[in-house]
Amino acid sequence: MRVRVPAKVNLQLGVGPIREDGYHDLVNVFHAVSLFDELTAEPADGLELAVEAAPYSRVAIGRVPTDARNLAARAAVMVASRLGVEPRVRLRIRKAIPVAGGMAGGSADAAAALVACARLWDDRERPALARDDLMEMGAELGSDVPFALLGGTAIGVGRGERLTPALTRGTFHWVFATADGGLSTPAVYAECDRLREAAGEGAPRPSVAEDLMTALATGDAKALGAALANDLQPAALELRPSLARTLNAGRDLGAIGALVSGSGPTCAFLAETDEDAADLAAALDGAGVAEQIVRAQGPVPGATVL
Ligand SMILES: C[C@@](CO)(OP(=O)(O)O)[C@H](O)COP(=O)(O)OP(=O)(O)OC[C@H]1O[C@@H](n2ccc(N)nc2=O)[C@H](O)[C@@H]1O
Ligand SMILES: Nc1ncnc2c1ncn2[C@@H]1O[C@H](COP(=O)(O)OP(=O)(O)O)[C@@H](O)[C@H]1O
């Protein structure tokens, strides 16, 4: 069983008040892009897990846990327990999505493992697990996991796990600048709260940006670039000040939109055409402001069996 699963960039990340359970209420517009992890699952004597870097990628696989903490392993255990079988599976993850980069690589691997293990262990004639069951298990594993199953472009509310697909037209061309070392998602949310408190600002109730939705529906890349917004960006910049230089370099070199992806530290740049993206990627590479420059297009489908 081989499953391919995409990274995401957040086109709008509106962070609302902190809830009693410690999570923030969000308006999270997810967009899946063509930077993929691949997971294979095959029968084994017990639960085994191996992680390797995809060819040409510089992902820091040393920072990915290979024990029961790995989100893909947790997903496999969850599927097994739901089906009442033993989690006897060898999972191999080939990573291209940056680790702790704000592109939801761990969530992607969890989504891939849910799909692969359900296929491996479920009764082909009368499957016990429907798509909705996988979405529900995904939400339990992490706020971003349901989107990695769905893919495309979607609006997430609640913790980001309650999804509605968004209407889009055409293809958008992205350039991503990865950074050495990740940023911890809880630390970035905490810094966002701290900055708001220090400024004496309450948390706003986020709402979906209409200009963003129109840009997506009409396939207007320039308008999309202007509408990109991330409430976690000031916090990510506070924790990693060098990202300001990366963002400015991308803007100066012609990006029509620039923002930190989710909790960062990956920076995302939008270009108008594929050719513009190639030029921007080459120029950013030369500027030496990133660990690696990666091009990708969106939207693409979520976790897919190959
Ligand atoms: C910020 C975002 C944007 O899509 O992704 P990344 O940039 O990390 O990939 C997400 O909200 C991350 O989602 P995910 O990484 O699945 O988070 P979870 O495992 O559910 O939660 C990890 C921690 O993030 C914080 N968290 C997460 C989601 C949310 N709505 N409010 C929060 O405050 C909490 O501190 C929580 O304990
Ligand atoms: N399969 C996995 N791939 C990457 N990281 C994982 C995985 N499983 C658990 N983790 C842990 O989750 C943390 C966040 O990883 P990741 O999902 O890549 O980042 P982000 O939340 O910024 O998108 C990592 O630092 C790592 O400790």
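Placed from the backbone N, Cα and C atoms, the Cβ positions cover glycine too.
Predicted automatically and left uncurated, TrEMBL annotations should be read as such.
What TrEMBL records for this protein:
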type: ACT_SITE; residues: LYS8; note: active site
type: DOMAIN; residues: 70-152; note: domain 'GHMP kinase N-terminal'
type: BINDING; residues: PRO98, VAL99, ALA100, GLY101, GLY102, MET103, ALA104, GLY105, GLY106, SER107, ALA108; note: ATP binding site
type: ACT_SITE; residues: ASP144; note: active site
type: DOMAIN; residues: 213-285; note: domain 'GHMP kinase C-terminal'
Segment-level pLDDT (mean, integer) for the domain 'GHMP kinase C-terminal' (213-285): 98
Sequence-ordered binding-site residues from PRO98, ALA100, GLY102, GLY106 with Cβ under 6 Å of an atom of ligand 1: GLY102
- line: For ATP, residues beyond PRO98, VAL99, ALA100, GLY101, GLY102, MET103, ALA104, GLY105, GLY106, SER107, ALA108 with C-beta within 8 angstroms of the site's Cβ centre include exactly ALA7, ILE97, GLY182
Statement: Counted with DSSP (H/G/I as helix, E/B as strand, rest coil), the domain 'GHMP kinase N-terminal' (70-152) has 47 helix, 8 strand, 28 coil
Candidates near ligand 2 among the recorded positions ALA100, GLY102, GLY106, ALA108, ASP144, judged by a Cβ under 6 angstroms: ALA100, GLY102, GLY106
Query: For the domain 'GHMP kinase C-terminal' (213-285), what are the DSSP-based totals of helix, strand and coil residues?
result: 42 helix, 11 strand, 20 coil
- request: Could you measure between LYS8 (active site) and ALA104 (ATP binding site) for me? Cα positions, answer in whole angstrom.
  value: 6
